[in-house]
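If you look up TrEMBL, you'll see 29-50, 70-90, 120-142, 154-178, 190-208, 264-286, 341-359, 371-393, 421-442, 448-471, 492-514, 534-551 marked as transmembrane segment.
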Amino acid sequence: MLFEDLIILQRARRRLWINSIFAPERQNLFKLTFLGLLTVLFVAGDYWFFRRILVYFDQIPGNVSEILVIQLLNLLCLTFFSMLVFSNVITSISTMYMSRDLDLLVSSPIPVRDLFLSKYILTLINSSWMAVLFSIPVFVAYGQVNYAPWGYYALLPVLIAPFLIIPSGMGILLTMFLMRFFPAKRAHQVLSFVGLIFIAGLVMYFRFLEPEKFLGQDVPEAVIIQFVDKMKAPDYEWLPSSMMARALQLGAFGDWELFYEKFFVLWAAALGVLATTLIIAMKIYYRGWSSAYGSEKISAVTKKERAVYRLTRWAIQGVNIETRALMMKDVKLFWRDTGQWSQLFMLGALVIVYIFNIRNLPLDTIYLRNIVSVINIGLAGVVLAAVAVRFVFSTTSVEGLSFWAIKSSPISFKRFLWGKFFLYLIPLLTLAEILVIVSNLFLGVDAFVMAISAGSIALLTIGLTGLGVGMGAIYPKFDYENVAEIGVTSGAILYMIISLGYAGLTVMLCARPVYTHLYSLFTGRNIAGIDTWLSYAAMLVITAVIVYAPMKKGVESLEKIEI
């Protein structure tokens, strides 16, 4: 039977997926429940946010409203399409060339055609699920605002399918051609780096449009038109994103004749891309896979990397030689992995957007500015927790299958973990102080609030770093395929929950000293008492506990691991 092996492979994958959902391991049950709840909240928030924007646009007089909505829809579709192409390129390298099951599958009697189609489907799902999760609430909100007929919602999944197949085929085609000439790991790292720069630029572009200036106020039509011109995206009839946006618009207004025209053109393009991809794959996929690892060479360390190493050696020159060697190993592993250090570009973009948001807050009184300054400690803590779960929590797990070398070495696990603690504390503390101090300078707070904020965020950073290193050792994951997997384990989720609670508690303890200071500033009466000093003491004690307890437990956990 045609595609019989493909059907068998898909049945096996479907059974694994069903078992992971309906019969999960006990340690994964909490993670699945938590992620399911987060998904529901995300979809609901996504729908509410875009529905509110579309309702506001609909209230703008004249034809500006229609132009603005069409431009927004076209821009969203173009953004989805571009991100899907990038995502499919990066994902297909992992699934089609670096997956651990390929040695077994390629050596089996399964035809290359069926194997490729199985990996094609897996790539399509892995790279597109987030776009689907984000886009469907947007398209549903668009239909509801325009009172779309029921046929619009019924045809929406069938309309989205070709829009996913086209960028998937394009991305996989690009990957197959790349794999004929470049090693898989190097291509994956370079493209991940390019993708992160693209996403970082996209985040900054949308933020600097300043869409909040349209909320809650009357804006001249000229300003709105200028805003529309800024966000105008390429609108060519032959672009799949343009066809998708046009089909959505026609379906929402019930113009079925033109809708089906765009609909069938999209499907024809999708089937054409799929057929072309399959034909080319029959010629070059196997050869690309077999040679993907053959041409990999160890490149010389660049001057930039050597400068980083020299700076690190200078910074840790007072540390004993064993710990210094471990710290240098971690630094070299970080800078040699493009997938890790390239994320600093995304982090930089988020920091710029964060400070830009603080700078543009409409705060007219000193009282409000000081309140926001205290809340800013918690917000910075959330940012730090998100960064720490990606880098600090995973620091033990990234040892991978080479952990046996650490286990069998004469270095104690206590020294091993504390070395990681101090290595990550310095950059995290620098990031935290930049966020808080620069934000407070824009807010214009006084010296006392500035000192409280800087001191509190320093303690919070110390606590989050110790908690991350300790819990990462308690819940290690050495058998990962992608380092990003470590950040979504049950231990990582538990770390995030504790971190958010710790950040909230820190804000509560900061509130009392700031309140007494502001009360004294505005009334001339000093009400500061022992409770203020108790707040300071509580912050110190809680930070000490949240650092020491997980670190101690982490050492014990690593000592119990048997190789």
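Glycine residues also receive a Cβ, built from the backbone N, Cα and C atoms like all the rest.
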Beyond the flanks of the transmembrane segment (264-286) by 6 or more, those residues with Cβ under 8 Å of it: 96, 106, 112-113, 116-117, 120, 159, 161-163, 165-166, 169-170, 172-173, 176-177, 180, 240, 243-244, 247
Annotated stretches the transmembrane segment (154-178) and the transmembrane segment (371-393) touching (3 or more Cβ pairs under 8 Å): no
For the transmembrane segment (534-551): best-contacting stretch of 70-90, 120-142, 371-393, 492-514, by Cβ pairs under 8 Å: 492-514
